[in-house]
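Trainee: Dumping what Swiss-Prot says about this protein:
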| type | residues | note |
| --- | --- | --- |
| BINDING | CYS10, CYS13, CYS29, CYS30 | Fe cation 1 binding site |
| BINDING | HIS49, HIS69, HIS75, CYS116, HIS119 | Fe cation 2 binding site |
Amino acid sequence: MPNQYEIYKCIHCGNIVEVLHAGGGDLVCCGEPMKLMKEGTSDGAKEKHVPVIEKTANGYKVTVGSVAHPMEEKHWIEWIELVADGVSYKKFLKPGDAPEAEFCIKADKVVAREYCNLHGHWKAEA
């Protein structure tokens, strides 16, 4: 059963969905169950995928990776998300954009997540 904020992807057509309200059932696309995109927190590519969270005067700045992630036509960050106090904030990106987002919110604890079109879903907490 899917849980709130989980990300699923169709292995056939590439559709991606985020669960906003967890119901009772499986997510199906193109006649097959969708694949849960587990959140990576570290691996050999950590310097390019794990979000870096910085507290700012106005809220939080999230940069993808301690080394700038490529933002090319074939390899880019599709979105950056910040979850704070049960609320999800997103910035959608496109090739050529900077792999970063600023969120003007007040919260003590946040989770940053991002999605790379080639390497999947990544997260960090602060």
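Think of each number as a place in line: the chain as shown, counted from 1.
Note: Cβ is positioned from N, Cα and C throughout, glycine not excepted.
Note that the structure is predicted; figures quoted are calculated from it, not measured.
Each of the listed features needs to be described in terms of its position in the shown structure.
Mentor: Every protein chain shown contributes to the tally, and the Cβ of CYS30 (Fe cation 1 binding site) ends up with 11 other Cβ atoms within 10 Å.
HIS49 (Fe cation 2 binding site) falls within a helix when secondary structure is assigned with DSSP.
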Trainee: Of HIS49, HIS69, the binding-site residues given in the record, which has the fewest other CB atoms within 10 A of its CB?
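Mentor: Looking at the binding-site residues HIS49, HIS69, the Cβ with the fewest others within 10 Å is that of HIS69.
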Trainee: Measure the Cβ-based neighbour count of CYS116 (Fe cation 2 binding site), defined as the other Cβ atoms within 10 Å of its Cβ.
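Mentor: CYS116 (Fe cation 2 binding site) is surrounded by 22 other Cβ atoms within 10 Å.
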Trainee: Can you check which residues sit near HIS75 (Fe cation 2 binding site), meaning Cβ under 8 Å from its Cβ, same chain, 6 or more apart in sequence, and list them in order?
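Mentor: CYS116, ASN117, LEU118 - these are the non-local Cβ neighbours of HIS75 (Fe cation 2 binding site), listed in sequence order.
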Trainee: What's the CA-CA gap between CYS29 (Fe cation 1 binding site) and HIS119 (Fe cation 2 binding site) in angstrom, rounded?
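Mentor: Given the Cα positions, CYS29 (Fe cation 1 binding site) is 21 Å from HIS119 (Fe cation 2 binding site).
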